[in-house]
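**Q** The following block contains the structure, expressed as structure tokens.
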Amino acid sequence: MSGTFSRCMCTPAARVFWNAGQVFCTRCLSARPLLSPELQDTDLGVVGLFYKPKDKIHWKVPIGIPQVECTPSGCCWLSAVFPLARMTSGNHNFLQRLVKVADVLYRDGCLAPRHLRELQVYERGCSWYPITGPVPGMGLFANSMHVSDQPFPGATHVLTNSPLPQRACRQPFCPFEEAHSDVYRWKKFVIFTDSSPNGRFRMMWTPESDDSAALEVLPPELERQVEILTRSFPAHHPINLADWELTESPENGFSFGTSHSCGHIVQNPNVFDGKCWLTCFLGQSAEVCYHEEHLANALGYQTKWGVHGKYLQRRLQVRGMRAVVDPDGPIHVEALSCSQSWVRHLTLNNDVTPGFVRLTSIRIVSNTEPTAFRIFRFGAHKWYGAAGKRARAKRATKSGKDSALAPKIAPPVPTCGITTYSPPTDGSCGWHVLAAIVNRMINGDFTSPLPQYNRPEDDWASDYDLAQAIQCLQLPATVVRNRACPNAKYLIKLNGVHWEVEVRSGMAPRSLSRECVVGVCSEGCVAPPYPADGLPKRALEALASAYRLPSDCVSSGIADFLADPPPQEFWTLDKMLTSPSPERSGFSSLYKLLLEVVPQKCGATEGAFVYAVERMLKDCPSPEQAMALLAKIKVPSSKAPSVSLDECFPAGVPADFEPAFQERPRSPGAAVALCSPDAKGFEGTASEEAQESGHKAVHAVPLAEGPNNEQVQVVAGEQLELGGCGLAIGSAQSSSDSKRENMHNSREDEPLDLSHPAPAATTTLVGEQTPDNPGSDASALPIAVRGFVPTGPILRHVEHCGTESGDSSSPLDLSFAQTLDQPLDLSLAAWPVKATASDPGWVRGRCEPVFLKPRKAFSDGDSALQFGELSESSSVIEFDQTKDTLVADAPVDLTTSNEALSAVDPSEFVELRRPRHSAQALIDRGGPLADVHAKIKNRVYEQCLQACEPGSRATPATREWLDKMWDRVDMKTWRCTSQFQAGRILASLKFLPDMIQDTPPPVPRKNRASDNAGLKQLVARWDKKLSVTPPPKSAGLVLDQTVPPPTDIQQEDATPSDGLSHASDFSSRVSTSWSWKGLMLSGTRLAGSAGQRLMTWVFLKFTPISQLLYSHFSRRGALWLQAIGCLQVLFYLLSCSVVLTQYSDAFPYWVSFLVLCGVFVWVFLVLGWLLLYFYSRLHPTQSVLLVTTIRRNVMLSFWLLSSANFGNLCAALWLAPQVSYVSSLASYSVGHVISGMLSYVYACLQIWPFLLFMWCPKGVVTSVGESV
């Protein structure tokens, strides 16, 4: 700009202003030259070189060189004179306005919000805007300490009269309290310092820019304070260090900055915990507060600065609350150092927190409560929780997330090679990843040394679980979400549903904060070098000991192990797999091989095998001895029929249940108990203690000494020791055999009472001395009686039905759970699958009941009291800490007196003996036919579950009903005299729909006709009239009773794998006569069986409508209908193709029309069958009633159609020699269409009740049903 002259000719007393680094006069707008040396005022610094006031002014300017950041240094407010005057004036009063603005600012020597109000800046059309991009036109740029007419590094807001696209700040807003600062350059930062009017020295830092190199260097006396400032506080915050308690070492302090996890602020867990936002939920229950705290941590919203303002507002809205501005409110909102800070704090203290400024007070009210107060908005860029003042327990976990403006220049990520490791896909991939990281840091091997552990489908390691474990192990790893920390050496990524890890080979490890581990740190974060002793010495062993726990408990298990590690002089299984030793590689390879082979051959779970190896290696003094012991484990032969886990382990080392006591009871009557922690004494030495935090511990307790060596394994957790009582298992010798015989005979001759309730609060083990060992007195009967009061954990019965061994299809021998004529064997083998959390009656993702597939590994996380292998209809007791409390758990000694048995009713615990050849007995006993009967039981449970409402399948009443239904089905096989009869009796299950109708489930499946009683009676009458089933033939049964086949013949074809009702007669009818009649009879039967199999193979395996026909007709009827239908379709298509293509001109149009109508008839018939099929699938319970009513009418119409068409075909073939070929085809087609139309009309008349059931409303159904 320029005035009348090129140089100012005004008096030196005329005020000046700065614009773009140049000095101009406020009177003439010309450039002001330097004053003569005798007129210059040194107290005014750079301003004194151009301005000589008439009177002495009360403010001074520090010496400095004018730069872009502050023009001039210490008097940046002089650069605001021109833009303020230009934006608030017109063309005719600009000079007068310029003089007015200069007078106001020169009066105090600074720019403050009061000066803007005095100059009526806001009334004249100016507003503050946050800087989000280039600003056109005139503007005044500012931050919390500095203003300029040009953009500068660290500028956060701009004052302009131009309408910018972003939203203007609400009035009265001003980014600074006083714009009056000195500007220096230090390392990569720009430092602002000033002294406020009350004498408080403030400092602020911003990132450097390209123009920062020309700044004045920071004085040496301020370097220590600036180092504390840049490490402990975020950018653009004017800080007075006197308000804070500081420490010399930054490693143990707290930092508000986004680039450093630690700082010089003294860390107080009761002050800097980031949880002050929970004061908004003080009016709620403690459970709500704990839930909100856990949710913020688990979802990653909790940071060291608190939580996001929008998240806090949303959580209040979810809880039905909101915050309103109330001057008398109990909650006070504060900001860090200035009101524009994004770091907020909520406090209940009336005194202002040092280092913070008070903004307002709020009150939490209900959403539905009318109020006159203004709603408080927490803000989209604010974080609440900086310095909580409420005294709370120390938080073990702190998380962080970056929300501040990151420095523009971030340290580059070093270029290095990347190696990826993909762990085994066994469900524990997340923990294998951590094991691979630790193994590489210790042994240099980037693989997981942990054996595979098959986890349940609903138990997986989340990113929150991995972050917790990484912090416990202090690993230099991060969980990659949208971005990765540049300082992390190991990057853990989720590839679909599988965790993988990458390592940066050429990069040095660094200690990572919570923000870096979670992956929400800033781009320019700085991490200290990784210390030499950063990794715990036994980190790998701690991870190996805890990774089999539930995923949400692994980090707690690692922390418990590191806090109280076991002694190192013994070589346990975990130590052998993880610790460096010459035998580690060979031990690990041999152990993984045995883990894959031995449990499958023995029919045991992987968990049982792992526990057995742990017991074998207990107190092992050296790795050589551990390797020698492992090498003694025998691999069972594939030809062996059945091998127990005990036979695979060396003699003298019981596989399953070596006692955890150092001294066994010397007398069989001695009681062994696991007492509560406050008990002063007990017999024997206590076994392993139950781990804290819900971790399961395995206790092995022998029932008694002797050849039988009856033992029990108890998997118990912290839940079993509530109320100061533990699990007590007593072992005692019976005083006489008559007591056991009376107990056995008391229920032996009674019929099975299906209505007898199972004991819900008593767990009892009953054994009996076998005739094979009459001299043994070791079969004592321990009984643990549990008492409950209705105030704490509940007992839930989770049904485990049906088992299959590892790779063979024959189930295991489970007869011990049902009969009392064999020794009590409580070994853990092939433990059945536990129900999932979503639906305890089904396996997730499949349409199979839970008894189909056994879990391949023993889950340490199952909160169940497991007593070895149970029967298919047995249940596992689970403890839930919600309603009942365990108050008594004392052993009952059966050897003392008869009164001891009076407290326990033997009829409640002794299972009824089933006949030898019943289906359940065959399943329990095992053998070649056990798999067949297990599949039949599978079908029974599946059909029964289909009749239940899906949401009720997990209820105890439904499970009890399922067991009773199976018992009723099993009763039909109680009169069998051969092991082959039960399969044929139960193969078809034709009686099961009627049985379900007679005894419906507690909550039947809902359908359209379920609420109409009149319609139910109508359907019942139709079903009674039309469904007359012929009695089953008993020829096969008589033959089986008279000539029983040898038991060693394998019955592979007793029941087909596809669930059909036919059975092979070849292997079940072996005749001892080798005469020619017998040979002829056998050959005839063999030929018939072969033909039958061929028809089945052709029409039931390779036709899409096979299951459709079979679901509604008998097997023979379905085969004949398919054969005739296929031939009819082929002939008809042949005739249609000939008539429509070659001889279309020889026939009138009505013949072609009838031919096309015949095609549509077949299409409609097929669609009707498909409709019936899908409806029966969607409504199985209702379909049982509908099929009986409809299928005979439909079959009659189908036979009518086929017979008429067959007659037409015969007539056409008979007339073919007498008439032309074309005439015969035409007559056949016309006859086919006419008969098809009649049959189709008849079929529709018969199917209309089916359509009525599906589509008509209930009222129409009632009226029409009554009329019919």
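The backbone N, Cα and C atoms fix where each Cβ goes, and this holds for glycine too.
As annotated in Swiss-Prot:
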type: REGION; residues: 69-182; note: region 'PCP1-alpha'
type: DOMAIN; residues: 69-180; note: domain 'Peptidase C31'
type: ACT_SITE; residues: Cys76; note: active site, for Nsp1-alpha papain-like cysteine proteinase activity
type: ACT_SITE; residues: His146; note: active site, for Nsp1-alpha papain-like cysteine proteinase activity
type: REGION; residues: 269-384; note: region 'PCP1-beta'
type: ACT_SITE; residues: Cys276; note: active site, for Nsp1-beta papain-like cysteine proteinase activity
type: ACT_SITE; residues: His345; note: active site, for Nsp1-beta papain-like cysteine proteinase activity
type: ACT_SITE; residues: Cys429; note: active site, for Nsp2 cysteine proteinase activity
type: ACT_SITE; residues: His498; note: active site, for Nsp2 cysteine proteinase activity
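Tell me what's around each of these sites.
**A** The average pLDDT computed over the region 'PCP1-alpha' (69-182) stands at 86.
Using DSSP to sort the residues of the domain 'Peptidase C31' (69-180) gives these counts of helix, strand and coil: 33 helix, 15 strand, 64 coil.
Around Cys76 (active site, for Nsp1-alpha papain-like cysteine proteinase activity), a 10 Å sphere centred on its CB holds 29 further CB atoms from the protein chains shown.
Other Cβ atoms within 10 Å of the Cβ of His146 (active site, for Nsp1-alpha papain-like cysteine proteinase activity) number 29 in total over all chains.
There are 26 other CB atoms within 10 A of the CB of Cys276 (active site, for Nsp1-beta papain-like cysteine proteinase activity), with all protein chains counted.
Within 10 Å of the C-beta atom of His345 (active site, for Nsp1-beta papain-like cysteine proteinase activity) sit 27 other C-beta atoms, taking all shown protein chains into account.
Its own atom aside, the Cβ of Cys429 (active site, for Nsp2 cysteine proteinase activity) has 23 Cβ atoms within 10 angstroms in the protein chains shown.
The 10 Å shell around the Cβ of His498 (active site, for Nsp2 cysteine proteinase activity) contains 14 further Cβ atoms across the protein chains shown.
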**Q** Take the C-alpha atoms of His345 (active site, for Nsp1-beta papain-like cysteine proteinase activity) and His498 (active site, for Nsp2 cysteine proteinase activity) and report the distance between them in angstrom, rounded.
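**A** That comes out at 40 Å between the alpha carbons.
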**Q** How far is it from His146 (active site, for Nsp1-alpha papain-like cysteine proteinase activity) to Cys276 (active site, for Nsp1-beta papain-like cysteine proteinase activity), counting Cα to Cα, in Å?
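**A** Approximately 32 Å lies between the Cα of His146 (active site, for Nsp1-alpha papain-like cysteine proteinase activity) and that of Cys276 (active site, for Nsp1-beta papain-like cysteine proteinase activity).
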**Q** Taking helix as H, G and I and strand as E and B in DSSP, count the residues of the region 'PCP1-beta' (269-384) in helix, strand and coil.
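**A** Secondary-structure composition of the region 'PCP1-beta' (269-384): 29 helix, 34 strand, 53 coil.
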**Q** Could you check which of these active-site residues, Cys76, Cys276, His498, sit within 10 Å of Cys429 (active site, for Nsp2 cysteine proteinase activity), going Cα to Cα?
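**A** Cα within 10 Å of Cys429 (active site, for Nsp2 cysteine proteinase activity): His498.
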**Q** Round to the nearest Å and give the CA-to-CA distance linking Cys276 (active site, for Nsp1-beta papain-like cysteine proteinase activity) with Cys76 (active site, for Nsp1-alpha papain-like cysteine proteinase activity).
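**A** Taking the Cα atoms only, Cys276 (active site, for Nsp1-beta papain-like cysteine proteinase activity) lies 38 Å from Cys76 (active site, for Nsp1-alpha papain-like cysteine proteinase activity).
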**Q** Quick one: pull the CA-CA distance for His498 (active site, for Nsp2 cysteine proteinase activity) versus Cys76 (active site, for Nsp1-alpha papain-like cysteine proteinase activity), whole Å only.
**A** 58
